[in-house]
Amino acid sequence: MNLRQRPLPTRGRAPHAPPQPPPHPMLSEPFNIIPIHNLLTDHPSLRYPEVRAAAAALRSAGDLRKPPFTAWHDTMDLFDWLGLFFGFQADNVRNQREHLVLHLANSQMRLQPPPAAPDRLDPGVLRRFRVKLLKNYNSWCSYLGKRSQVRLPNRHNPDLQRRELLYVCLYLLIWGEAGNLRFTPECLCYIYHHMALELNYILDDHIDENTGQLFVPSTCKQFGFLNDVITPIYTTIKGEVARSRNGTAPHSAWRNYDDINEYFWSRRCFKRVKWPFDLSSNFFLVSGENRVGKTGFVEQRTFWNVFRSFDRLWVLLILYFQAAAIVAWAGREYPWQALQSRDVQVQLLTIFITWAGLRFVQSILDAGTQYSLVTRDTKLLGIRMVLKSVVALTWGIVFGVYYGRIWSQKNSDGSWSYEANQRILTFLKAALVFVIPELLALILFILPWIRNVIEEADWPILYVLTWWFHTRLFVGRGVREGLLDNIKYTVFWIMVLASKFTFSYFLQIRPLVGPTRAFLNLKDVTYQWHEFFTRTNRVAVAMLWAPVLLIYLVDMQIWYTIFSSIVGSMTGLFSHLGEIRNINQLRLRFQFFASALQFNLMPEDQTLSTEATVVHKLRDAIHRVKLRYGLGQPYKKMESSQVEATRFALIWNEIIITLREEDLISDQELELLELPPNCWDIKVIRWPCALLCNELLIALSQAGELADAPDRWVWFRICKNEYRRCAVTEAYDSIKYLLLEIIKYGTEEHSIATKFFMEVDDHIRFEKFTAAYRTTVLPKIHEHLISLIELLLMPAKDMDRVVNVLQALYELAVRELPRVKKSVIQLRQEGLAPVNLNTDDGLLFENAVQLPDVNDAFFYRQLRRLHTILNSRDSMHNVPKNLEARRRIAFFSNSLFMNMPRAPQVEKMMAFSVLTPYYDEEVLFGKEMLRSPNEDGISTLFYLQKIYADEWENFMERMRKEGMQDDSEIWTTKTRDLRLWASYRGQTLSRTVRGMMYYYRALKMLSFLDSASEMDIRQGSRDVSSLGSLKQNSGFNSQGITTPIARNLSRAGSSVSLLFKGHEFGVALMKYTYVVACQMYGVHKGKGDPRAEEILYLMKNNEALRVAYVDEVYLGREEVEYYSVLVKYDQQQQKEVEIYRIKLPGPLKLGEGKPENQNHAIIFTRGDALQAIDMNQDNYFEEALKMRNLLEEFKVNYGIRKPTILGVRENIFTGSVSSLAWFMSAQEMSFVTLGQRVLANPLKVRMHYGHPDVFDRFWFLTRGGISKASRVINISEDIYAGFNCTLRGGNVTHHEYIQVGKGRDVGLNQISMFEAKVASGNGEQVLSRDIYRLGHRLDFFRMLSVFYTTVGFFFNTMMVVVMVYTFLWGRLYLALSGVEDYARNANNNRALGSILNQQFIIQIGVFTALPMIVENSLEHGFLPAVWDFVTMQLELASVFYTFSMGTRSHFFGRTILHGGAKYRATGRGFVVQHKSFAENYRLYARSHFVKAIELGVILIVYASNSPLATNTFVYIAMTISSWFLVVSWMMSPFVFNPSGFDWLKTVYDFDDFMNWIWYRGILVKADQSWETWWYEEQDHFRTTGLWGKLLEIILDLRFFFFQYGIVYHLNIASGNTSIVVYLLSWIYLIVAVGIYIVMAYARDKYAANEHIYYRLVQFLVIVLTILVIVLLIHFTDVSALDFIKSFLAFVPTGWGIILIAQVLRPFLQSSVVWETVVSLARLYDMIFGLIVMAPLAFLSWMPGFQEMQTRILFNEAFSRGLQISRILTGKKSNFDT
């Protein structure tokens, strides 16, 4: 017997006593999970010999040299020894000791077969751990050509184990105290390298040269390691962060974490930094000439980064475009016809000239952005930059010359002579040399393993050979995938490229050739303005091609979307997603579901062979197929094996009980869904009542129809349905048991009943039932039985009626049921009638009935079940009612039919932790917060009661059952329950904690089931059931009396926990910890913030929860010390205890907050895996059961590597709040399912997108942690973990059989801030080294995948918006210049007409919706998906998606140009609230409103000047999508704003807006004063460089074009096209501004005191203006229309001037002009506000719009019958609890 399997004595407890968590004696020293310091304690984890073995191995420090300066005790171990020698902190030593012991014990428990001596540490376990932990260090040594300092003796040396332990302990201690340096893994390697060398010196008794004594490390003192090793580098990083001016300085001006780390990628670090650190080294300087600059990469802000990082993609697109244009220009129908011409073939050679040019551009960009990397150490880099430019330029010249020679030869010969062909051959030879690098890359692409070997081998000769192609890097080596994966994603991309290029040639490039020729052949065009280049119409041609070229560059995104949807849905189908879509489909497969649950969740009996053999795998696969398609009859096996059935029942019931605890189902639904244990001698599995529904009645009617048929036929008909068979058998067995139970034993009546049932049983056995009995009588018996049970269920038992019913039943059974009538004598002989009927005994049954006790809850629960089976007439398709409960049950049951690894026993599973960073969000909603109404009069609670009406009912039912007498008690005695109920429906910490603690609960239950014997399970299920029914019964007690026992039990937690023996707690704690990084917990405690108390409450109620926080200790004189502290709640001492306190080198937050917070707490996590969970997530009990299956995936090879991140699917739970939340969650849902499924397989580029992914913990902690933290550049911290993982040779997979809940933002402003954060994050990614390296180190097709699924998506979204601009500006140019009119009238322009009318903009919205529809139809069926899509369109989803496209492109573009990305806290509340117009204007003015107004003005000017616009249809067809964009961008914030079209609110909003515009105060916030907001909106110009400012000015010049174009079209110009007309028009503008300045000056000077002067000035201005107008009308051709047109011309000019002035603010701010600029800008913002408000006011004034808008916004809720109007206009009277 394995030592571990010793069952614990139950200490004489009854088997169903509530479990006591393991007793801990009062320990002197608090511990985290296992009390290693006291191995004699009675702690459940210490019953495992493996824990003792690991602890004993560490105690082998006996004969080592003792550390100086300190007393040595015998109880000390290797950790203490290292701690004393190297100056590590005591708590760091304690923390890492537990860390290592726990890990080694867990690893040893997993060994298969188990080792012979489990109480000795297995050498293989330690060896494997050392190799994994030090793998990154060893490869760093190999990369730098240094010898590793890990020196191990040979295998048989007795000292081997101790040395291995010392090296491992040393690494863990360094890592555990490194603080912020954990983000710099190779810097830690450097430190480890030298400390391991010192360790070797100590072990080898090395003599120190300086002292002549035995060697002692310099850090051998208290805090020595922290002060001498960590703090100097920390101070350097801190200084660099200070240089970044809070992230506003350019990235190139300061070193971030990556730069500090990459300094240690070259051997110079040994010379410069030295050991012990030379603090005068320039590495530590943060200012001055000599400081070390950027290392490895310089992040520069420019759009060229998109080209630089993905140059291979752009080269492909540009060369193909050139080739296609050349072929199309030949004018043949098909390209292969054109290619037969030698002229075309030679023209195609020009692509080599272009290619050389593009290489030159790339080399110039490299030099231009990375020049600051060139230092004395990196001279070669500079040489290579220059050489690359020179070589590319040379190639361009060579190709140019050769190309020229071909044509000169041909022209002189007049035909393609032999010489000309020879010259072509020479050109081709040169080209072959040019493409040699590409051919090499192709060969290595086809043989990826060769490439991996070459890159991973650190041979100097290879560096020399590859020097020309790329810089040598520590990361990005050997990242190629295996051949099979290679083929998969290559085929995918070849299909995408083929479709795109075919489409582009035939539908984009070729149709433009005709119009272009027509344009170029137009002669003598009379321009309607002053044209500078009159010779040709080249500008017009450029305008024609620009939008098409942009579409050409962008539309690969659309092809990618289409193909990824197809591939994703196929993958989903093959992985069996969506086979059980709803409860009805589960009904059909429930009995297979029971077997599938057994198969997947219960560990198989482990055989002794270690490897799963092929046969074994095959057997598993066959079994899965059987289960999935219902082959064989697995439930027969279940029925024969009672234990299996009971095991299933325990798990299933636990899931249903959790649903009840979450108030998703009611008590009644709980009884209908649970699986009761077998009792009452029932011979079949007792399926949930919800499945048996009306089966019995159907069976009765079938028996009636087949009254004369033989038994076999009837039974065959009934058995066709498994549930019907079970219902009939169970009903018969239950009735038999019931009647024999209530009739007194020993009476004559009892023997009659017994005899009757024996007879019936005999008839059934011999298949003579229908021959002996009339089945037509059964319905009558059925009715009487129902009335009998109803009488028994009544609280007051009426014995007389019970007796009457029994007599009636007796009459039916004995007299009417048999086919053969029998006399009384015969009946007496057969024992079916009383022998002597004395008159004294009264009637039959009168004194023979004995009813069970009222408190026998178990009996009455079974009775209720029997009543349901007999009486149920409906098919119960709506059990459970709650949509969320239905979705969860359906997903869980479907997932068990998907492929997942078999579960190991809990003892043998991988250990894991969950880590949640928390700052200061809500922990638990406060009482006042729930109660107090917002400005619309709605309280949070009222809103929740309406949205979750059924869950509120279930909650109240549960409260009544727990002893609440009156509903008003909810605000007094039950406040905590109420607050929890509300918090579990928001996005709060308490919800996340509850979800994550399900892991602990699931592990305890699975651990019990793993080790429980048959008797435990059988007996236990009965005890649970009888106790459980005690809990439940009180709810059905019609007087509402709650028995005290029920009250206590309802608190005893879940049912299975009643059976635990005690060891479950120990094993669950060893396998799982949950750490919440509450950074501010210490501050909250100090301030007495209620959040601190609520976190303590969470710790108190969750045993496995730990809280890590940063404690700031003030030492006076401005000195502060910072500590990482871990606390838990000690159940014994009933208080919070501090476990570890580790001093930090300084303040925690140097980089972005969230990753820094995660990083400080990661040292307190345990286990092999780490699941990163955010504050807005939730988990479900039934999903937690599958966690041990998921962790087994780490052992499976995916491609050529094992996974390092397991991607997990999310379920967005906020979709039901409003239609906006629905759109958001639908979009998100398709990304987290279909999108990531395709990224993981076949594309192999899934990254880490926020949480709930599971990390291979030890792999990541040695490679920089689970996120990156540099300021600004890593603002989307999560995805960098994925980039880092891919570049360092990790592997990310995606698994869809398990899901985690996730909340999303629900209001438009929150969603926009979220989109802005993500878009800004992507803008920063474009500049990052990670993206550049992925673009260059991955093969071509994976590079495409990375581009189109990260930054490319945002870049292309932005290009679509740019394309709308180019198209409209191009049309405006053609219209205003007069080319359009001329071309239309020219006779040869049929083709031109067609291209002008071509509707150009492919609505990207439709294509973003495609993955959504596909995924929806996969999981919910095709028709529901189509219906959902149609509903979405009716609810204006397209408007929303178009709007968010604008948000994305604005912030993405602005971030790349000017920076300014910042973390935007979106705030995740959910109360429906009207946002004021001013707030919306502040948020969207620059990103949407101004742009929409600009496009609107273009469209209006175009309509008034274009000859095409006279044909309304053509104008509409051409501009409808542009108008749609304008309307979406202007109206979305109001359409999706609750009460957006309420007339009164619009009036108030207008006043509020005007007050905001004119408010003049100092030191006010942006939401109070326009001026503050206006300055804040220009913040990004402070961070931008010279190029950003120049580009901004160039873009702003477009606003002057309106004036130039329109002036010549005014009547006053009377057709004159001289440049003078334009110059004169500026007079108008100067006069207008002059008048404005005069008025403003007069107002400031006279308006207050000498009012009469102010009026005089006004009067003079008005008179002058009228005079000028009269003169103009009299002396020129001016018309009224001219004034409107000129307004359209000059307003944009003014705006352009203001924008340029903003860029030049540093020069202008001190001058006189600035005041004018500010006041003009205020005027413009007011005009823009009024333009946006006009349509809003009109719609608000129109009747009926407000109702329609509410309907659109809250359709989901309407369809659930909510009175949203009541919610929106919530009056005080609505506060019903």
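Numbering starts at 1 and runs along the chain as displayed.
Heads up, the Cβ atoms here are built off N, Cα and C, so glycines get one too.
According to TrEMBL, the region 'Disordered' annotation covers 1-28.
Annotated compositional bias 'Pro residues' per TrEMBL: 16-25, in sequence order.
Mean pLDDT, taken over the domain '1,3-beta-glucan synthase component FKS1-like' (162-278), works out to 94 on the 0 to 100 scale. Per TrEMBL, domain '1,3-beta-glucan synthase component FKS1-like' is recorded for 162-278.
Sequence-distant neighbours of the transmembrane segment (344-365) (same chain, 6+ residues past either end, Cβ-Cβ under 8 Å): 304, 307-308, 311, 314-315, 318-319, 322-323, 326-327, 330, 338, 385, 388-389, 392-393, 395-396, 399-400, 403, 406-407, 410, 424, 427-428, 431, 434. TrEMBL lists 344-365 (among others) with the feature transmembrane segment.
TrEMBL lists 424-447 (among others) with the feature transmembrane segment.
According to TrEMBL, the feature transmembrane segment maps to 487-507 (among others).
Taken from TrEMBL, the feature transmembrane segment covers 539-560 (among others). Listed by sequence, the residues of this chain that lie at least six past the ends of the transmembrane segment (539-560) yet keep a Cβ under 8 A from its Cβ atoms are 317, 321, 496-497, 499-500, 503-504, 508-509, 512, 515-516, 519-520, 533, 1348, 1352-1353, 1356, 1359-1360, 1362-1363, 1366-1367, 1369-1371, 1373-1374, 1377, 1379, 1383, 1395, 1400, 1402, 1404, 1407.
According to TrEMBL, the feature transmembrane segment maps to 1391-1413 (among others).
Taken from TrEMBL, the feature transmembrane segment covers 1425-1444 (among others).
The transmembrane segment annotation in TrEMBL covers 1515-1536 (among others). For the transmembrane segment (1515-1536), the list of distant contacts is 1219-1220, 1308-1309, 1364, 1367-1368, 1371, 1396-1397, 1399, 1401, 1403, 1436, 1438-1440, 1442-1443, 1446, 1475, 1480, 1483-1484, 1488-1489, 1491-1493, 1495-1496, 1499, 1502-1503, 1506, 1508-1509, 1732, 1735-1736, 1749, 1752-1753: same-chain residues at least six beyond its ends, Cβ to Cβ under 8 Å.
Annotated transmembrane segment per TrEMBL: 1590-1607 (among others), in sequence order.
Annotation source TrEMBL lists transmembrane segment at 1619-1641 (among others).
Residues annotated as transmembrane segment in TrEMBL: 1653-1675 (among others).
What TrEMBL records for 1687-1708 (among others) is transmembrane segment. Non-local neighbours of the transmembrane segment (1687-1708) in the same chain are 1494, 1497, 1500-1501, 1578, 1581, 1589, 1592-1593, 1596-1600, 1602-1603, 1605-1607, 1625, 1628-1629, 1632-1633, 1714, 1717, 1720-1721, 1724, 1727; each lies 6+ residues outside the stretch with a CB under 8 Å from one of its CB atoms.
Among the features that TrEMBL reports, transmembrane segment is placed at 1720-1741 (among others).
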Sequence-remote partners of the transmembrane segment (1619-1641) [C-beta within less than 8 Å, at least six residues beyond its ends]: 529-530, 1603-1604, 1607-1608, 1613, 1657-1658, 1661, 1665, 1686, 1689-1690, 1693-1694, 1716, 1719-1720, 1723
DSSP residue counts for the domain '1,3-beta-glucan synthase component FKS1-like' (162-278), split into helix, strand and coil: 77 helix, 2 strand, 38 coil
Non-local residues, at least 6 beyond the ends, that sit with Cβ under 8 Å of the transmembrane segment (487-507): 320-321, 324, 327-328, 335, 481, 552, 555-556, 559-560, 562-563, 567, 1241-1244, 1341-1342, 1344-1345
